[in-house]
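Noted in Swiss-Prot for the protein shown:
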BINDING   112, 113, 114, 115, 167, 168, 169, 170, 171, 172, 173, 174, 175  GTP binding site
BINDING   248, 253, 255, 261  Zn(2+) binding site
DOMAIN    63-224  domain 'CP-type G'
């Protein structure tokens, strides 16, 4: 029996890499399907080799996991956020941050396409970047004329860790990965001018070795499209709200219409950016309007 990490999943096959660098193609035992378990990229597993194909016998408990894309045991998630083509959208970035907070994955914000901004627009985004740093997030904003320093800082964050890249389609995920390691030869997405959206270029979830890092480039990242928690739990995923909410007069304050709300006071004083509070209110209403999810009961009657 050997232990390794799943680095690729495709059509029912799982490629596993061991600590010694051996790569073994495997399938999962039927018992996993019967118990509702399914191996995903990033899983640590026990497996046996049988001729060309191996068999997965055990999946170790996960530290964290995402559903869309299916990947587990992530150290950091790099949110590649375009500043132009497509234009920067604070609401989208906040939605991605909330999804990662809920999944217990550490976010890193990387602003792309800074070279397309005017001097005035770049100055404005510098202030926004600092707002996110004050919340506690790691933010990388490349210089307006090149991104070499920001790329080097990103590489140092990636080394020795498992990372996933996410962001709006066309934000430049594959372009950034190619810059980090040109030998990858990942196909770069072409932005559709008619739709102002990028064409998907990555077709499978794969962990790729880049220097001392394992990086996942994924076929569409949509874990942030649906909130799988209650509206009452939303403030748990806004770190700056968590930092001050004990000062609210009422326990369970929703930070909307309640008097003596420490969060609203922090917003009025400028300690919490108004854009973040607006995102919170929008997400709260969105969650409230979502249809309840019902889990399927698989018992036989």
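Glycine is treated like the rest: Cβ placed from N, Cα and C.
Values in this document were obtained by computation on a predicted structure and should not be read as measured data.
Annotation: 171 carries the greatest number of neighbouring Cβ atoms among the binding-site residues 171, 253, 261 [cut-off 10 Å, Cβ to Cβ].
Annotation: 112 carries the greatest number of neighbouring Cβ atoms among the binding-site residues 112, 169, 175 [cut-off 10 Å, Cβ to Cβ]. A distance of 35 Å separates the Cα atom of residue 173 (GTP binding site) from that of residue 255 (Zn(2+) binding site).
Closest to residue 248 (Zn(2+) binding site) in space, going by CA atoms and restricting to the binding-site residues 114, 167, 169, 171, 175, is 167. Under 8 Å, Cβ to Cβ, and six or more positions away along its own chain, residue 114 (GTP binding site) finds 83, 122, 125, 141, 142, 143, 144, 147.
Neighbour counts of Cβ atoms within 10 Å were compared for the binding-site residues 173, 255, and the top value is held by 173. Residue 169 (GTP binding site) sits 37 Å from residue 261 (Zn(2+) binding site), taking the CA atoms of both as reference points. Among the residues the record lists as binding GTP, namely 112, 113, 114, 115, 167, 168, 169, 170, 171, 172, 173, 174, 175, the two farthest apart have Cα atoms separated by 19 Å.
Counting every protein chain shown, the number of other Cβ atoms lying within 10 Å of the Cβ of residue 248 (Zn(2+) binding site) is 21. Here the Cα atom of residue 112 (GTP binding site) is found 33 Å from that of residue 255 (Zn(2+) binding site).
If you take the Cα of residue 255 (Zn(2+) binding site) and the Cα of residue 171 (GTP binding site), they are about 33 angstrom apart, rounded to a whole number. Comparing Cα positions, residue 253 (Zn(2+) binding site) lies closest to 167 out of the binding-site residues 167, 171, 175. Between the alpha carbons (Cα) of residue 175 (GTP binding site) and residue 261 (Zn(2+) binding site) lies a span of roughly 44 Å. Within the model, the domain 'CP-type G' (63-224) shows a mean pLDDT value of 84, rounded to a whole number. Those same-chain residues not listed among 248, 253, 255, 261 yet with C-beta within 8 angstroms of the centroid of the Zn(2+) site C-beta atoms are 245, 249, 250, 254, 256, 258, 260, 262, 263, 264.
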